[in-house]
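Participant: Before we start, here is the structure in question, set down as structure tokens.
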Amino acid sequence: MINSTSTQPPDESCSQNLLITQQIIPVLYCMVFIAGILLNGVSGWIFFYVPSSKSFIIYLKNIVIADFVMSLTFPFKILGDSGLGPWQLNVFVCRVSAVLFYVNMYVSIVFFGLISFDRYYKIVKPLWTSFIQSVSYSKLLSVIVWMLMLLLAVPNIILTNQSVREVTQIKCIELKSELGRKWHKASNYIFVAIFWIVFLLLIVFYTAITKKIFKSHLKSSRNSTSVKKKSSRNIFSIVFVFFVCFVPYHIARIPYTKSQTEAHYSCQSKEILRYMKEFTLLLSAANVCLDPIIYFFLCQPFREILCKKLHIPLKAQNDLDISRIKRGNTTLESTDTL
């Protein structure tokens, strides 16, 4: 699915900036890899101590797994793009690791969508009890999400089956069969559609949540300002990460995919679209470094255990507990877990 390790054969290629593709981008991915492994390793360690007692927690744990696995694909891309690895490594990137990259990226996106729905249901519709918020249902839904993403992506592994000679530069699309190219195009459109649907639902749900919380706190002046700021911060952090990390890539993805699978694009146009895709894909990859920050803002149990492990006292915890007991409102209880 990623064709970043490759360029056109010499007789068909335009002038290329190898400084960008073979040095700058690999170095940036190396930085993201180191930060991503460390941050998600710590996040996984902390979540190991967080009980899976709520659907919200289960979805977050799935995101941690997806981000960690996605981070493990970065070294293959780094070695392939920089030319430090053997040519067979580029084939492996085209056939396997790039597909795993996309699977885990979209798994993460879908689970953030499920979290927004779960928070909407609990905060805006607290009296509507439903089995969809049960732990068992959330675990089943998590399995279904992983299976569906794999079903969409695995054919890209199977259908990238064309033989390849020993070359220094490989174009991933040329390793696909005719059916593989069609599936590549269709699956990319489906994944892009999934993102935009989740992104729009995210905006709708969190707009409704914000209105609900602000209306709730209009009834009480105590701690109203601080709670509003906290709620706004939590919501803004999620939407900000989605907008910065994923929107640019999904704007660039469609024209880039068309340039791969349609013949009327000029060589120069293909190169420009490839650079756009590479840099926006890097932004998407950087999401693995930002998600742990979201966990800290979003999940109170995560925050409490992390601070406990680091021996950092939580500020105003007593005031928060008193406020919850005094008001006894479901919306208020959910403020720290948006």
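Here the Cβ of each residue, glycine as well, is placed from N, Cα and C on the backbone.
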Participant: Cys94 forms a disulfide with which residue in Swiss-Prot, given the options Cys14, Cys172?
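Facilitator: According to Swiss-Prot, the disulfide partner of Cys94 among Cys14, Cys172 is Cys172.
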Participant: I'd like to check whether Gln133 and Ile173, as annotated in Swiss-Prot, sit on the same side of the membrane - that is, whether they share a topological domain name.
Facilitator: no
Participant: Work through the disulfide-bonded residues one by one (Cys94, Cys172) and point out the residue whose CB has the fewest other CB atoms within 10 angstroms.
Facilitator: Cys172
Participant: Cys94 (disulfide bond) to Asn161 (N-linked glycosylation site): how many Å between their Cα atoms?
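Facilitator: Answer for this pair: 10 Å between alpha carbons.
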Participant: What parts of the chain pack near the transmembrane segment (97-117), using Cβ distances under 8 Å and only residues at least 6 beyond its ends?
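Facilitator: Those are 1-5, 55-56, 59-60, 62-63, 66-67, 69-70, 73, 76-77, 141-142, 145-146, 149-150, 153-154, 156-157, 172, 191, 194-195, 197-198, 201-202, 205-206, 238, 242, 246, 284-285, 287, 291, 298, in sequence order.
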Participant: Under 8 angstroms, Cβ to Cβ: which one of 56-76, 140-160, 189-209, 279-299 has the largest number of such pairs with the transmembrane segment (235-255)?
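Facilitator: Stretch with maximum Cβ contacts: 279-299.
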